[in-house]
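Novice: TrEMBL lists these features:
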COMPBIAS  A:1-12  compositional bias 'Polar residues'
COMPBIAS  A:16-29  compositional bias 'Basic and acidic residues'
COMPBIAS  A:715-724  compositional bias 'Basic and acidic residues'
COMPBIAS  A:741-754  compositional bias 'Basic and acidic residues'
COMPBIAS  A:769-779  compositional bias 'Acidic residues'
DOMAIN    A:87-480  domain 'Cation/H+ exchanger transmembrane'
DOMAIN    A:577-662  domain 'Sodium/hydrogen exchanger regulatory region'
REGION    A:1-56  region 'Disordered'
REGION    A:702-779  region 'Disordered'
TRANSMEM  A:82-99  transmembrane segment
TRANSMEM  A:105-125  transmembrane segment
TRANSMEM  A:137-154  transmembrane segment
TRANSMEM  A:166-189  transmembrane segment
TRANSMEM  A:201-222  transmembrane segment
TRANSMEM  A:234-254  transmembrane segment
TRANSMEM  A:268-296  transmembrane segment
TRANSMEM  A:316-339  transmembrane segment
TRANSMEM  A:360-382  transmembrane segment
TRANSMEM  A:388-414  transmembrane segment
TRANSMEM  A:426-445  transmembrane segment
TRANSMEM  A:457-480  transmembrane segment
Amino acid sequence: MSTYASATTGASGFSGDKRRSGRNREEVGRVSSPRSCSVYSGRKTLPDSRVPSDRPTLSDIPTAAFPVLSFDYKHVQMPFEISLWVLLASLMKLGFHLIPRLSSIVPESCLLIVVGLLVGGLIRVVGEDPPILGSQLFFLCLLPPIILDAGYFLPIRPFTENVGTILMFAVVGTLWNAFFVGGLLYGVCQLEGTHLGRVDLMACLLFGSIISAVDPVAVLAVFEEIHINELLHILVFGESLLNDAVTVVLYHLFEEFAAAGGVTIKDVFLGIVCFLVVALGGILVGAIYGVLAAFTSRFTSHTRVIEPLFVFLYSYMAYLSAEVFHLSGIMALIACGAVMRPYVEANISHKSHTTIKYFLKMWSSVSETLIFIFLGVSTVAGQHHWNWTFVICTVILCLVARVLGVVGLTFMINKFRIVKLTTKDQFIIAYGGLRGAIAFSLGYLLDKVHFPMRDMFLTAIITVIFFTVFVQGMTIRPLVDLLAVKKKQETKRSINEEIHTQFLDHLLTGIEDICGHYGHHHWKDKLNRFNKKYVKKCLIAGERSKEPQLIAFYHKMEMKQAIELVESGGGVKIPSAMPSTVSMQNIQPKKPTERALPQLSKSREEEIRKILRTNLQKTRQRLRSYNRHTLVADPYEDGWNDMFLKRRRVMELGKKLNNYLTVPAPAPDSPTMARARLASDPQAWSIKPKSDSIPTIQVDLASPQSPDSVNMVDEFNKPSKPTEAEEEEGLMMKAPSSSADQKERKRDKEDGVEQQRLARCLSDPGPSAEDDEDEPFLP
Amino acid sequence: MGAWASGPAEHEFRELPEKTGFSVDELRSLYKRFMQLCNEEGTLRQEDFEKIEHLQLNPIRSKIIRAFFDKRNFHKTEVGTVQEIGFVEFVTVVSYFKLPETNQTKEQAAELRRKKLRFLFNMHDTDSDETITLEEYKYVIEDLLSSYKTIEKETAKAIADSAMLEVANITGRSMENCGSITFEEFFQILQDVEVESKMNLRF
């Protein structure tokens, strides 16, 4: 199927080409040697030992014995080899992190390429043909998980704040790179003595467009490890994502022109139109699928188990649908993930959310590993044509083009930016422009007939990839340290910041209205209003649609702290298996007045104290935001006597505390409660009914103690400074007969639901503490 | 400067570009808007702000409007509110949202940040006692949540509580006095919010 036959002029040809189609039919999904076959063909060649060739008759005495054990590799060959590759990739990943110093010096991508080289060499030595990274395999299987992972967890706020800059870099920067490299290479090829006269202008420009695109996989792989500040990360990463549209269009354009031979103004104009169609079309397709996914997730409250599947399927369909029309699949995927995320997250259960997160990370991690290994293997497997001039010039020109492009663009962009990009920033942006497997796959797709110098191109592409990944990838970390570039802040987002961010939004919108401007705050506010009024009602189930962002943030924060607390305190069991319960909104015993003070034996008390001591010391270290950071070493002192002294102090403070530290429970119908009820988690932890005889550890955000609280309470309220008592609101031991004063708003039935909600999140391994999806940055 | 209508105290307007940092064109368009809002009367009152429709949808509109009449924002040392303001005060308040100059020294940037945070602080501190009490903070949160009808007051209180606790935590203060925040503490807790780059408008 030669698509060149159908391509007449540039006008009609754009839709005719298939970037990822059967031109490489002989390499479709090729992962094994020539004698390989699909699963089906294996069946046709079942070894005869299974099927007797002659019908056995009574007179025949079979001469061969019935096979007890037979070797039939062919019919499992394909899945077997795929699994073997994936297993190899995962074991490699495992291995790197076991070697202590290696992973801090060399980025993973380099190591994986080296492994690929070794494996490819091995396969060659054995006599087989090593597989090549087929374009179909790459574009349809390996690339989507990585892009989806990036798109789903894209931090929207920094992205939209910088979208102008990102677009400039992606579109104008890539165009500049492509033309600069392509044009100058053509000039070099025309020089005498290089034996490159056959390479014509179109081919050079095509090569330029392939090599100029910054690769998201490589950027992700390297930037993740250096923890650079958010702005730079989103700039380089956003650029690598958005330049896909440009690459697609340029690739098609130059391919057509190379075949057709001539370029007219009409073609250039059509190229621009094509670009807009490809980019906007991709985004539109992605957005449609995103809305569909959000809508579907509204109804999944009874079938929580398959919720993650919807997210993955709709996204993949968006990608494939965009590819059908030769729109930008990457942009479709990003748009789908970004659009569906706020609504889907409001609808799905906590477990599904964790599942989605971990599956995406797992798939993208494996994909990335496989891509780099295959790059190494393909290097060994491919036919190379090394031409010193061409390759060296390519590498140098790429670097020069990138630097010039970044500097020039920054100069123009800084006129419009409030936060200017400094020279250091520019350096990192230029240095972070890594090339990767996409360039290789695109080069691989070139038709040998029309591009006889394809091998030379491939060699040059691989060299550039190796150079950027090895040299730039390895040196970027020490350079970042050397230049003292701002790193990612580890601080959690505090509620004060959240409040003030929202406050500022409203304030700026208000001032804009007063001054009569229609600036971007005004439009953002309108969009939010529209979202709140119509969209959320459609796409979010139940009462969550009315939950304001601040409240959602607050609950999320509390949930996180609860999980952290339990994680750190878990592993030590209090006798009689009463788990430490987190009283986020005052999980209180049902009838506090009925509980009698426990009478514990001394040994029991000792036991419990010891356990709590170890538990809580660990917890204190983790719970930073609500605990004082100047904790004194061991606040737990032995001996009951001191307790009584301090208890008096605590009581006085407790009264003051009462004033402003009560954290009342949310309204009975609060959305989080409703969600808890909806959580189809039949396997709730078997929480034993609270027995009266065990004092429970209750983490309370409020800590007033009633005078009736038992001795045990004071165990925790004796830091050397009395004021620390208030700060123990993070963690406090409450006797079952706890303070009566908080309890005017008692809702007994909530207790049970609280427990269940707790169970739902406690039985969940939960995301690790440092993961913060509010500002997710692909940790 | 002859383009100004024969307004009162025209000599004041000559100093405005230096005092506020706006260019003459920007001042001109602001003046037009000012006149539009006050119906050509020359002074602006609180009721005049109700004409702006989109502002009525804003949850913190009362605070914003109040800020225009708060004497503390006029770069003077007086305290209290006025009933009506002239163009000079209008522009002074709006100048808090001006983009920073391109080549600022570190001290200038820090000074600007302080100024903007002071403006925010004054907005919260409604009784002008130089501290933000828990009650005042609670009002802020209630305002922010006011567009959602289903929220109970207690949730707002809960959030205000935890916010105050955080303040005490970060500033290392004793819990006994954590009922109010001074400007210095406010400055400290908002140091991660890049006010000088966020609190800007293009004119």
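Every residue gets a Cβ built from N, Cα and C, even glycine.
Could you place the listed features in the three-dimensional structure?
Specialist: Long-range contacts of the transmembrane segment (A:166-189) within the same chain, counting only residues at least 6 positions beyond its ends with a Cβ under 8 Å from a Cβ of the stretch, are 159, 196-197, 199-201, 204-209, 211-214, 234-235, 238-239, 241-243, 246-247, 250, 389-390, 393-394, 397-398, 400-402, 404-406, 408-409, 412-413, 429.
With a cut-off of 8 Å between Cβ atoms, the residues of this chain six or more beyond the transmembrane segment (A:234-254) that come close are 10, 14, 17, 19, 147, 150-151, 155, 158-159, 162-163, 165-167, 169-171, 173-175, 178, 202, 205-206, 209-210, 212-216, 219-220, 223, 267, 271, 274-275, 278-279, 282, 326, 328-331, 334, 425, 428-429, 432-433, 438, 442.
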Novice: Relative to the transmembrane segment (A:137-154), which of A:268-296, A:316-339, A:360-382, A:388-414, A:426-445 accounts for the most Cβ pairs at distances under 8 Å?
Specialist: A:316-339
Novice: Report the listed stretch (A:82-99, A:105-125, A:201-222, A:388-414) having the maximum count of Cβ pairs within less than 8 Å of the transmembrane segment (A:426-445).
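Specialist: Selected stretch: A:201-222, with the most Cβ pairs under 8 Å.
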Novice: Using a Cβ-Cβ cut-off of under 8 Å, list the residues of the same chain that are 6+ residues beyond the ends of the transmembrane segment (A:316-339) and lie near it.
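Specialist: Residues 14-15, 17-20, 139-140, 143-144, 147-148, 150-154, 156, 216, 241-242, 244-245, 248, 252, 277-279, 281-291, 293-294.
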Novice: Cβ pairs under 8 Å only, please: of the recorded stretches A:82-99, A:201-222, A:268-296, A:360-382, A:388-414, which one is richest in them relative to the transmembrane segment (A:457-480)?
Specialist: A:201-222
Novice: Using a Cβ cut-off under 8 Å, which residues of the same chain at least 6 positions beyond either end of the transmembrane segment (A:82-99) come close to it?
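Specialist: Those are 31, 108, 111-112, 115, 119, 365-366, 369-370, 373, in sequence order.
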Novice: Against the transmembrane segment (A:105-125), which of these stretches has the most C-beta pairs under 8 Å: A:268-296, A:360-382, A:388-414?
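Specialist: Per the Cβ count, the answer is A:360-382.
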Novice: Mind checking which residues of the chain, 6+ beyond the ends of the transmembrane segment (A:360-382), have their Cβ under 8 Å from one of its Cβ atoms?
Specialist: 85-86, 88-90, 92-93, 108-109, 112-121, 123-124, 129-133, 138, 141-143, 145-146, 148-150, 152-153, 217, 220-221, 436-437, 440, 455, 458, 462, 465-466
